[in-house]
Structures are given as structure tokens and as C-alpha cells.
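Single-structure report; data block below.
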Amino acid sequence: MCLNSCSSCVPEGNSSMETSHDEYLQTAEWLLSHTAHRPKVGVICGSGLGALADALKSQDSFSYTDIPHFPQSTVQGHAGRLVFGELGGKACVCMQGRFHMYEGHSLGKVTFPVRVFKLLGVETLIVTNAAGSLANSYKTGDIMIIKDHINVPGLAGLNPLIGPNDEKFGPRFPPMSGAYDKALRRMALDICKSRGYSQFVQEGVYCMVGGPNFETIAEARLLHKLGADAVGMSTAPEVVSASHCGLKVLGLSLITNRVTKDYEDTESVDHGKVLGVSKMRSETLQGLVSELVAQLDINGTTAE
Ligand SMILES: O=P(O)(O)O[C@H]1O[C@H](CO)[C@@H](O)[C@H]1O
Ligand code: HPA
């Protein structure tokens with residue numbers, strides 16, 4: 001087995017190596033030439049959470065099918081539009097629909113928009129997702145501020161940074177211990193408190209699995225024992241890529257279902273239920289994100 005990260009040996013479709021720096025640049029330049037907005041904040045909407053983008057004022061929106069080199073959305077609840085506009089008085093760009101590994105996208109494609117965001121001038125990334133709860137104290141409808149993640153595909157060698165490192169984005173060996181910005185988490189917690197959300201706000205560890213099947217009971221028990229509070233099929237590659245290129249990240253999981261860890265339990269989950277709960281809490285999340293963006297000190301780190 002070859003131990004070099006040469007293009008003929010790295011598992012095909014695993015990394016961002018299939019995209020040249022020029023392609024990211026071409027996409028960013030195309031977008032900047034089609035909108036006057038100059039976003040410093042990027043938002044990725046999770047399953048059923050696309051309404052977050054509807055809150056943007058003075059919108060310019062682009063179907064993913066029209067954007068050069070952009071992947072396409074295939075999952076229900078992910079509209080496939082990139083929306084530019086103003087939120088809380090700040091220029092933002094919002095992905096109404098994300099890409100998942102289980103759709104057959106390489107992790108390079110899954111994270112392609114994150115690097116494009118960086119080239120657009122984005123400094124802060126807010127990632128949202130729908131997730132199932134593993135923590136016994138969590139309830140459906142809770143919002144979990146992500147403190148950290150366990151990247152199961154990443155641990156198994158599926159990482160968007162595999163392949164020759166693009167130094168223009170970041171270092172070969174990026175640290176991940178501060179991937180979820182502490183000050184942004186603090187801000188989110190404070191806003192939740194002031195809005196009276198404390199009863200349904202948690203802070204915890206998100207675990208990414210590959211999907212598309214939901215977890216078996218044994219898997220759910222294992223992930224819980226490993227320290228995961230919630231599980232989903234996205235986010236970690238986006239955050240790895242964002243952290244690599246120096247974006248500050250806030251991650252928010254909406255708990256759409258309880259993941260059963262009990263063989264006697266007859267309750268089961270499906271994507272329809274996930275979307276239903278997401279829609280129910282969408283406005284609450286929108287309020288939190290809008291206020292947080294409004295409070296961001298764009299030239300500095302976080303709160304004004
Ligand atoms: O992570 P997001 O995109 O919010 O979606 C979550 O919901 C879907 C399953 O219902 C999966 O795609 C899972 O990852
Ligand atoms: O229970 C879940 N498991 C994995 N992904 C999910 N996305 C929403 N709910 C879940």
C-alpha cells in the first residue's frame with residue numbers, strides 16, 4: 001500500500017483534491033459579479049431549516065444549477081438555492097440546502113461552498129442541522145449549541161482535507177480543538193437566555209455518521225458511550241473545512257427526534273418527522289440567528 005497522498009492513491013472522490021484553486025475562484029468571482037452584497041457571514045441551513053434564508057432582506061438568490069462548479073441538492077427539505085441579503089443589518093450569504101456524503105457527493109463537493117464562502121470574504125460561518133438526540137435529558141424541539149463534534153467518517157479516513165494540501169486555504173495539519181468558537185457559543189447562550197429559550201437550549205457534542213440509514217440501537221448506544229449528545233449525517237466536514245481556512249464557526253443542532261437506545265422501544269424516525277419538527281422550530285432558530293448576526297462585530301471577533 002502506498003503511504004503518499006498522491007493523486008493516484010488517495011481514494012477517489014474522498015477529498016477536495018478534485019477541485020483546483022481556480023475553480024473555487026471562478027465560482028466566487030461569478031457570484032461577486034452577480035450580486036452587490038459582500039457577505040462577512042455565511043449560513044448553512046439544515047434539513048427543513050431553509051426558512052432561515054427567507055429572513056434575509058434585499059435578496060439576490062441563485063439556483064445551484066446556475067452557479068459554475070456548484071454541486072446539486074438532491075434531498076427533500078434542501079431547496080438548492082444560494083441566497084445573498086441582509087440579516088440584522090449585515091451582509092450574509094445563506095445556503096438553502098446543503099450537500100451530504102450519502103447523496104454520493106465527494107467530501108470535496110460537500111465542502112466546496114465553504115471554501116467559496118472564504119473567497120467571498122466570509123469570516124463567520126453559522127452551520128445548522130437537524131439531529132437525533134442521544135443524551136437522555138434532551139427533548140424533541142431542543143436547540144443544541146454544538147460544543148464539539150465526533151466525526152465518524154473522518155476517523156475512518158473520509159476527510160475533505162485528504163490529498164495535497166492547498167496552502168492558500170490553510171495548513172497541512174490544522175488543529176480542531178477550537179473548531180466551535182467559544183465566544184460565539186457564549187453569545188448564542190446569552191441570546192437564548194435573554195429570549196427565554198433556556199428551557200430548551202442545550203450545549204453538547206454532535207456526532208456525524210455517514211447515513212443515509214438512521215442508527216441501529218447498538219450504534220446509538222455506542223455513540224452515546226463515546227460522548228455524543230446528538231447524531232446527524234452532516235456538518236463535521238463543513239466545519240473541518242471552515243476551521244482549516246480560518247473561519248469562526250457556530251454550530252446549531254435542532255433536535256428533531258429521540259434516537260432509541262432501547263430494544264423495547266417501538267418509536268421510529270423518518271425524514272418526514274425530521275422535517276416536521278424542523279419547520280416547527282424554524283422561526284425560533286431564525287430569531288436566534290438574526291440576533292446573533294446583528295450582534296457580531298464584523299471587524300473583530302464577536303460581540304460588540
Ligand atoms: O444534517 P441535515 O442536513 O440537517 O439533515 C439531517 O436530516 C436528514 C435525515 O432526516 C439527514 O440529512 C441528517 O443529516
Ligand atoms: O436520528 C437521527 N440520526 C441521524 N441523522 C439524523 N438527522 C435527524 N435525525 C437524525
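The backbone N, Cα and C atoms fix where each Cβ goes, glycine too.
Any TrEMBL annotation is an automated prediction that lacks curation.
Features reported for this protein in TrEMBL:
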- SER47, HIS78, ARG98, PHE99, HIS100, ALA130, SER234: phosphate binding site (BINDING)
- GLU215, ASN257: purine D-ribonucleoside binding site (BINDING)
- 40-293: domain 'Nucleoside phosphorylase' (DOMAIN)
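Shown here: features listed in TrEMBL, placed on the structure.
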residue	record	Cβ contacts under 8 Å, 6 or more apart
SER47	phosphate binding site	VAL75, GLY77, HIS78, ASN129, ALA130, THR256, HIS271, VAL274, LEU275, SER278
ARG98	phosphate binding site	ILE44, CYS45, GLY46, SER73, HIS78, VAL110, PRO113, SER234, GLU238
PHE99	phosphate binding site	PRO71, SER73, HIS105, LYS109, VAL110, PHE112, PRO113
HIS100	phosphate binding site	VAL75, VAL110, GLY211, PRO212, MET233, SER234
GLU215	purine D-ribonucleoside binding site	GLY132, VAL209, LEU223, VAL231, VAL259
ASN257	purine D-ribonucleoside binding site	GLY132, SER133, THR140, VAL269, LYS273, VAL274, VAL277
Largest separation between Cα atoms (Å) of residues that the record links to phosphate, namely SER47, HIS78, ARG98, PHE99, HIS100, ALA130, SER234: 14
Sequence-ordered binding-site residues from SER47, PHE99, GLU215, ASN257 with Cβ under 6 Å of an atom of ligand 1: SER47
Contacting binding-site residues, sequence order - HIS78, ARG98, PHE99, SER234 vs ligand 2, Cβ under 6 Å: none
Entry from the binding-site residues list HIS78, ALA130, SER234 having the most other CB atoms no farther than 10 A: SER234
